[in-house]
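What TrEMBL records for this protein:
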DOMAIN    B:73-288  domain 'ABC transmembrane type-1'
TRANSMEM  B:12-36  transmembrane segment
TRANSMEM  B:77-99  transmembrane segment
TRANSMEM  B:111-129  transmembrane segment
TRANSMEM  B:160-185  transmembrane segment
TRANSMEM  B:267-290  transmembrane segment
Amino acid sequence: MSAAIDQAPRQGLFFRRKRPTAGDALIATLMLALVVASAFPLVWMVLSSFKTTAESMQVPPVWIPQSPNFEAYEKVAGVINVGRSMWNSMIIATVTTAGILLTSLMAGYAFAKYRFRGRNLLFSVLIATMFLPPIVTLIPLYRIVGSLGLNASLAGVILPNLANAFGIFLMRQFIAGVPDDLIDAARMDGASEMRILFSIVAPTVTPAIAALALFAFVYHWNSYLWPLTVLQGSGDQYPIVISLSRLLSYNRGAMNTNLVMAGATLAVLPPLALFVFLQRFFVDSIVGSAVKG
Amino acid sequence: MTRSYSGSVWAMLTPAVALIGVFILLPMALTLWLSLQHWSTQTGFQTARFIGLDNFFEIFGPTSVGRDFKGAFLNTAIYTALSIVLILPLSVGLGLLVHQRHVAGGSVLRTVLFSTYMVPMIAVALVWSKLYSPTEGPFNQMLGWIGVGPQPWLSSPDTALVSIVFLNVWQQVGYFTVLAIAGLTQIPHSLYEAARIDGANAFQQFYAITLPLLRRTLLFSAVIAIINAVQVFEPVALITQGGPVGSTNVLTYHIRRVGIERAQGGLGSAMAVMLMLSLIVVIFALFALARRKDDE
């Protein structure tokens, strides 16, 4: 009986038992407290970005700005070139994502649907790179990209990241589920392998492609260590996450909390907006890769 | 599928394999090779001069190079251990809360928890440095409300590293919660029903069913959490610069400072090799431990 209640309880909007127990009340309170605690830093960030400089210096701290204003945002625009930085971030994130989608689809298809000598070995070697922290290869990579003449350029930020093991792994997992008959029928009709991949296989794994695109975009929008290393000194190429550090050093000593919060808010918006609108894809692909893997 | 498409195989594989080969596998091999060389990062690879294991002797030696490396290594180990110890139990607890069916709102909690994982670490570091601010930050204000005195947070060598662990846990725990939920949904409901019929209470059910069946998920989570933890960089680079008195000098920050900023490519590579070896040892030990438990 109690199992039936657990499985399909639809009695109430919030509490699902007809008579909520003390345990239910405790769970509800805990969940509410956790939502508040988890959201607090970001809420504080947005609230502080609308404070005046005087307000952001006040002790004890003011929680809600008395007269919300855009003073801080205007000042940010005076310290860093927001438009240029956002544009750089957009270029880095979109081009890298497009590259990852293309290389992952192709390699994932090969690993899922072709038999060839050394397939498992090659796949294992590629997957092993997923567990390699970037710092381990940073020093020689910096030199290699430098010797290609790509230091201080967006191309240098983008090129080394155009393929990655996670994408190949995810695509192989999902393409393996595409029926062979579908592919064989297309071959019978004389379609080329590229055509089969992009007009037959790819459309059947759209959710996985969407998930990979979102992950790649957010990851490369947020990425800091590599762009900082390649672009050192050339400020007009900085993505927004690196430009932000200038807000902290700007006017050091004097308080500039509202300024920093306004800049952080701008940098957070694109990845967070993507997540809020397309959350389902993120969650499904994590669950998919963890359970299947 | 028995037909061979050898031409197509290579056409499909070449872009990914070439990119990963040149930009990950080759640098990996070079890191190993450079760790045995005296080499300045500002010059070409051909200027490297073989010096055997001297770099390793130096980073474990009694000079300042050795002291700094050993400090960074220890800080990274503490940071990683603390992160795992906090993240794994939290992720299971939060996963159970999202997964339970008595009270609605689980998916809201999941969304809020997971959304922090999308926030750039640099923004997390900036925001938390202000939350931690000793006088005008809200954390000390709130502690005051419950009668706890102000904490130094990032400004004291005793608390700075732990303060960075907290912001890391806040950012990452949602991702691991989603993994835990994925594990929880795999556990057949009939097991709990059987246990209830046998009179097992909620705690007994958790220890006898939930925890053992989550072992694979937790192993996966632990490996990912370790690899994420050793990458901590932004809060250190931006806020503490490794201080106060070296208390937050962690390996990713230290290796970059030595190998890129000071251009001591050989020394930096030796440190990177030690990091990689340690990771391999820890991860293999985890897998061995999980396998022993499976056999029991």
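Glycine residues also receive a Cβ, built from the backbone N, Cα and C atoms like all the rest.
Unlike curated records, TrEMBL annotations are generated automatically.
When each of B:12-36, B:77-99, B:111-129, B:267-290 is checked for Cβ pairs under 8 Å to the transmembrane segment (B:160-185), B:77-99 comes out on top. For the transmembrane segment (B:12-36), the partner stretch with the most Cβ pairs below 8 Å, chosen from B:77-99, B:111-129, B:267-290, is B:267-290. Outside the transmembrane segment (B:77-99) by six or more residues, the chain places 106-107, 109-110, 113, 161-162, 164-165, 168-169, 172-173, 176-177, 179-181, 183-185, 210-211, 214, 218, 221-222, 225-226, 228-230, 232, 250 with a CB less than 8 A from a CB of the stretch. Non-local neighbours of the transmembrane segment (B:111-129) in the same chain are 94, 154, 163, 166-167, 170-175, 177-178, 233-235, 238-239; each lies 6+ residues outside the stretch with a CB under 8 Å from one of its CB atoms.
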